[in-house]
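Per TrEMBL, the features are as follows:
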DOMAIN    61-231  domain 'VWFA'
COMPBIAS  430-440  compositional bias 'Polar residues'
REGION    430-451  region 'Disordered'
TRANSMEM  498-516  transmembrane segment
TRANSMEM  536-556  transmembrane segment
TRANSMEM  613-637  transmembrane segment
Amino acid sequence: MASDADEPLPPPMRPAAAARLKWHVLLTMHHSPDAPLAPNVQKVLLELKGISSAASRAPLDLVAVIDVSGSMEGDKLESVKKALLFVIHKLTDQDRISIVKFDHEATRLCPLLPVTEASRARLEGLVGDLKTRGSTDIRAGLLTGLDVIANRKITAGRAASIMLMSDGRQIKDGDPRQLEPGNVAVHTYGFGADHDHDVMTAIAERSLDGVYNSVPDSDNPKELAVAFAPILGGLTTIVAQDIELTVTAIQGEATIKKVDAGTYRLRTSSDISSSVTVSFGTLYSAEVRKVMVELALSDRTASQSYHASVADVQYRFAFQGQEVTSRPQRIIINRRRRASADPANAPLPVQTEVARLEHVASIKEAVAKADGGKLEDARNTLRAALEALRRIVDPEGAAQPAAVVDMLRRELLNLLKLFETEETYRNQGRSAALSSISSHGRQRGGPDKDTLIFGTPRMITNLEQAKQRDDMPVPSADQDAQLELEERPGWLQDVLPVALRLLAAVLSLLAFSIIASARTSGWDGEYYGRYEPYRYAVAVNVIVCFYSIAQVFVRIRRSVSPQLRSTSCYCVTLFLDQVLAYLLMSASSAAASSNHLWVSRFGEDPFHAKITAAVWFSFLALLALSANALISTANLFSRI
């Protein structure tokens, strides 16, 4: 194994603001508000969600481990090359990539290289030179990839992942499933009907949060890039690392009966009923991790109704070398004599998660039956799971659970087609089912490109880009983040600024129109001088009116063409907002002072009343313009 002594240094990371880190992960708890005083079991759904961030993420160290054995010759290797080029174009100079190829032996083609414009040419050349030969030693390739990660000189705050691709089986002695990845995510891609599903699944599950992906045979060279796209969309949006969630039961009130966190690692206290910790690894932007906890509540039939504190929930994570520990959040359930313990009364998110867990159990059962030669029994199991989904009723019309159930239904319908015959099951069905089980176990991505059950916005974006024509440019992760920042919908970001601009334009129009209409004998007539102090107010209100109208058109144009937005544009807008707000404040104050002086000399008259109204409109325009200045400040600081 070559040393990484020549490992280039990436540009320094922009450190995350410590005050914002606590918002990178949010905890939500779902459970029945009431429970009976008699002993009963309550299901509590805990959700950890990564902040939807387009700008703050952990830099990535990615090792692509590529099978170049003889069976990869032809379309398979061409697909791998296209997929690798897609990956290279997605990464930025904060990310690093190393390429390892393997056949009957493994070779590291390059150290971890920051993906700069200069290094892209070198990486593309290495990909273009890949050629097939020899037999398959998956263990050697994976071991070399793990060595690249282990020998890094720079590790603080960086997320490490491996993408392992192979279409074959282990030929040499040694089982790749016995290698210990540590805290490195190993995402495996098995393509072709002859790859070893069990080995590729086991390698992914042995890593902390890797996922097994099945890539079917296809004449379309984009298939592998499409398979890469969702996971890559997650790896370039990591907002938290080394996540742990701990549930601690309150003694005397409850004990932990069961914790279901898919295939993530559980660490229990000496008494499993008192405390359980789940280790998740990484969390992507807008990604959710769900943990179902069953709490056995103690007997309180001798008591009156009361608020029972049954458990504490706390989570920890790291980001860019900084560690965050949340405050414990308490699960409180009202114990009442007439409360029902019927699971049907549980909140909809709890019912939906229970249905999903049963759905996964059905797929596992179907695979076991099909492997045992009972294909029709396996199909009946999938049909029963489909019928169970149809019985889920959403009384409140909540969109998210309904969407999840619909995707689960489509997943089962697809598996039923792939379980049609022994041949389709052997060639496609088994690998598709194992991919589904892996996806559900990790709560990440989806079983295929059309059913991203756990998809995030960036995963979906990457998927669409991977399907584009070859001559379409592939944006980098930074460009994706920039576009998300521009296109992110929101009342505060889109609707309110336009409304305030229009309001400022109307108010300033009214202000200078009223001052102009207050003339009785012209600006240079008999009362020359009484209008002179108001010329300044008229001029400033005219400027503010036309400026605000122009800003409305600019805002609409930016919504239509997000690429027109830039940091310098926001700087100019903020500067002009502040200058005009100052001028408007100065002009309104001068007009109010002059009007007060006129009244002290000549008394109140219709002229005075009009000027008073104009000053008020000018002052309200000042408030609208000041609010826009605050929004411009927020827009600017969200981009730097």
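Positions of Cβ are set from backbone N, Cα and C atoms, glycine also.
Here the transmembrane segment (498-516) has long-range neighbours at 534, 537-538, 541-542, 544-545, 548-549, 551-552, 555-556, 584, 591, 610-611, 613-615, 617-618, 620-621, 624-625, 627-628, 631, meaning same-chain residues at least 6 beyond its ends whose C-beta is under 8 angstroms from one of its own. For the transmembrane segment (613-637), same-chain residues at least 6 beyond its ends with a Cβ under 8 Å from one of its own Cβ atoms are 492-493, 496-497, 500-501, 503-504, 507-508, 510-512, 514-515, 518, 537, 541, 544, 548, 551, 567, 570-571, 573-574, 577-578, 580-581, 584-585, 587-588, 591-592, 595. Summarising model confidence by region, the domain 'VWFA' (61-231) averages a pLDDT of 88.
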